[in-house]
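Peer 1: Heads up, here are the entries from TrEMBL:
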- B:Asp87, B:Leu88, B:Thr89, B:Arg117, B:Gln131, B:Asp135, B:Arg293, B:Tyr297, B:Tyr298: L-histidine binding site (BINDING)
- B:106-362: domain 'Aminoacyl-transfer RNA synthetases class-II family profile' (DOMAIN)
- B:433-463: region 'Disordered' (REGION)
2 protein chains.
Amino acid sequence: MARTSLSGFPEWLPAQRIVEQAVLDVIAETFELHGYASVATRAVEPLTELLRKGETSKEVYVLSRLQADPSDPAAESDADRLGLHFDLTVPFARYVLENAGHLAFPFKRYQIQPVWRGERPQDGRFREFVQADIDVVGDGTLPFHYEVEVPIVAARALGALRELGLPPVRVLVNNRKVAEGFYRSIGLDRPEEVLRIVDKLAKVGPARVAGMLADEVGASSDQAEACLALASLSGGVEVVERVRSLAAEHRVVLDDDPAAELLEDGLAELGELLRQAEDRAPGVVTADLSVARGLDYYTGSVYETVLLGHENLGSICSGGRYDSLASDGRRTFPGVGISIGVSRVLSRLFSAGLVEATRAVPTAVLVAVADEATRPASDAVADALRDRGIAADVAPSAAKFGKQIRVADRRGIPYVWFLSTQDDGAVRHEVKDIRSGEQVEADPATWEPPAQDRRPRAVPTPG
Amino acid sequence: MARTSLSGFPEWLPAQRIVEQAVLDVIAETFELHGYASVATRAVEPLTELLRKGETSKEVYVLSRLQADPSDPAAESDADRLGLHFDLTVPFARYVLENAGHLAFPFKRYQIQPVWRGERPQDGRFREFVQADIDVVGDGTLPFHYEVEVPIVAARALGALRELGLPPVRVLVNNRKVAEGFYRSIGLDRPEEVLRIVDKLAKVGPARVAGMLADEVGASSDQAEACLALASLSGGVEVVERVRSLAAEHRVVLDDDPAAELLEDGLAELGELLRQAEDRAPGVVTADLSVARGLDYYTGSVYETVLLGHENLGSICSGGRYDSLASDGRRTFPGVGISIGVSRVLSRLFSAGLVEATRAVPTAVLVAVADEATRPASDAVADALRDRGIAADVAPSAAKFGKQIRVADRRGIPYVWFLSTQDDGAVRHEVKDIRSGEQVEADPATWEPPAQDRRPRAVPTPG
């Protein structure tokens, strides 16, 4: 990581930035191949928008103008104070409401931007970080099949990053309807509370969760045991049948009770998602009935993602289905989305030494300068290469050739181009691969570097 | 422009965002071809960094945490309050100082990011806007030839945008040494003051400028006349000789006086810049001795750019040479750079109707769905196309085909793909160009759209 005077605000050195760009390009390309359109929103939102979810208030950075002019009619009143967005969902929901008349629904968008949270920085958690989100939003209704598509697209984007050195991921899925239907079916009628408690399982262990379920939602020991058993289930599509059996063991309602129907509805969705994901992104998506985070505000499928071997990083890609992503009172816009924590992933890729750039500059060729009087001839060679899409630079000074080669070497530029005037006045062009030392005659109008040398690439660190 | 509830914070509709991305891609590609490496810096800087130039203080947005915890040792003291950067030069200078040990000098970087200014919004001036900067920074010294390169690269980037519909530009250049050397040579020894006054020429006219020169720097009528005559000069390399003649007419110092030498030094630089620019970016770069903005803090060449036919927009691309871009007291880093005002250019392109996207989504093909039971077959076609880099989407619902075609039409998707099961059980694939109505049999494993249909493009608005 680049040295930086402010903790929580990561910056990358030029070679790391090349990796970041490669990662973002792979993600954006995957999103575009699946029909998602790019949207960028402003960095700021009215504080009133940002504070709808009360629990995030302490994370918000609020803006003020250093020398706000009180006589300015546009001076900030409390009502229109601005804050930096802490995610890309709140601004997207506002964008959808403001531009609904210009958008075609279902509207599929991706958005790759920084977000800001005024939290205390710690490993993998930053105050400024880049997220890459996709969401599909409908006008009034949104078919379930988008709940299948979204985690598949995320799995493919993360899968495509394996070529750059990203370890494999596992996308964990659950469904709010399954959890709520299950809890209600066994006689627990405060599902949000149950979810909040079960969410602590990894942190406090099953015994304390059972105790909290008894104390806080009045669960019997059988009910608590059923909740823990549900949370222990994970795996492929066979999980559906195991949930059904577990529910049958503990159920206190009839088949046609709304709770039982909600559970069946959720299990049908979960099964469909698992089957299709296995078909279209094999080996990546699994059910994990312990995933409870977000289930209190999502209304259908919910997703989390772990980086295998780096589970301690937490989820690197999360999301789910909202029946009301946005609403203006008249129209309601349901949505489903997922968000890749790009900065979190990058910082681990760098700290674990998993990926590197083949060089620190775009330049493929450094054109040497024999003396300052002939710099225009070197510029002309560089321009001829650029005209054919080959990134070129000209040596900063007409130093000794050995020093000019070191200029290229320090930046990882693979080729140095030399011009020399022959006795007959003709200019001889030669290009040297400074890695192998091989030097050959070349024509600026036709010479091509091998494809893998044209631009810097992000590659897994060797060894 | 997208409807937005906050003036000064522009947002684009999806088709406009495609134009923005195309513009940014062209600019970034031009920068990379010339060897500039991408850098991204955090959005915030310590207020102390931002306020070094006193005159910008009122433009700065200051951050505070909504619920800052006073017991937090990291709570903001006045000394480490943060503000949003108002340009990309201040953060880059700080980045260079912090990472000097990891950078190879001369270091060429580009940076494309939003910046924020708490100004009152007006036409072409925003509170949040995107800039695209290049800078070359040296360690201790920086050769003059980079002052030639920077405006040529900018001229080429803006020239490449003409294919997208940008009108031609004129890059206006001047040189601090010429102005200062001239003023001192004619006996005016407060060049910053003279520049500040001459900068008002376009606004207040020559008579008032002459009056202010007399009142504020004690200029005689001959001196004021010489300053106005200098500011009236513009054109190609012949300008150099005209400045020299003008100086000779009014000069009060000897040939070897430092002022005369400064003037000659500046004229040599200006002439060299104009000659090379004419060679390498013909017809774009001209001298304009009335350009005074920035000359009070730049130390050599200075650049402004007008969009022809849209001069009222102001400069869309400005910069110059600093002898001290950054300094830590021990080392000094001279720099030269230029900044394209991307949002300003885009907003004019949109408001003048000069450019449009060929469609509003990346999707080239919409795969129709005959009924929901066969959606997986449609998904498989879309996936086969995506595997070959063709952006595809699947119809939101198994509506009547006419309605599915309208789904494509509303988004500008050029092709709709149909699957039908034949009597013998085989699936027949057909693809329809919905613009021409032509429908042909096709194989998802091999069919290709014409190159111009693969992705949306930004093109000049016809007519």
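Just so you know, glycine gets a Cβ as well, placed from its N, Cα and C.
Predicted automatically and left uncurated, TrEMBL annotations should be read as such.
Quantities reported herein were computed from a predicted structural model and do not represent experimental measurements.
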Peer 1: Just to confirm: which same-chain residues, 6+ apart in sequence, have a Cβ under 8 Å from the Cβ of B:Arg293 (L-histidine binding site)?
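Peer 2: B:Arg293 (L-histidine binding site) has long-range Cβ partners B:Asp199, B:Val302, B:Glu304, B:Ser315, B:Ser318.
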Peer 1: Express in Å, rounded to the nearest integer, the largest CA to CA distance found among the L-histidine-binding residues B:Asp87, B:Leu88, B:Thr89, B:Arg117, B:Gln131, B:Asp135, B:Arg293, B:Tyr297, B:Tyr298 named in the record.
Peer 2: 22
Peer 1: B:Asp87 (L-histidine binding site) has how many other Cβ neighbours within 10 Å of its own Cβ?
Peer 2: 17
Peer 1: With an 8 Å cut-off on Cβ-Cβ distance and a minimum sequence separation of at least 6, pull the same-chain contacts of B:Gln131 (L-histidine binding site), or say none.
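Peer 2: Correct list: B:Asp87, B:Leu88, B:Gln111, B:Ile112, B:Gln113, B:Pro114, B:Val115, B:Ser339, B:Ile340, B:Gly341, B:Val342, B:Ser343.
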Peer 1: What number of additional C-beta atoms lies within 10 angstroms of the C-beta atom of B:Thr89 (L-histidine binding site)?
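Peer 2: Counting Cβ neighbours of B:Thr89 (L-histidine binding site) within 10 Å gives 22.
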Peer 1: Please give the average pLDDT for the domain 'Aminoacyl-transfer RNA synthetases class-II family profile' (B:106-362) in this predicted model.
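Peer 2: 95, rounded to a whole number.
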Peer 1: What does DSSP give as the helix, strand and coil breakdown of the region 'Disordered' (B:433-463)?
Peer 2: 4 helix, 7 strand, 20 coil
Peer 1: Counting every protein chain present, what is the number of Cβ atoms, excluding its own, within 10 Å of the Cβ of B:Tyr298 (L-histidine binding site)?
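Peer 2: Its Cβ shell of radius 10 Å holds 20 other Cβ atoms.
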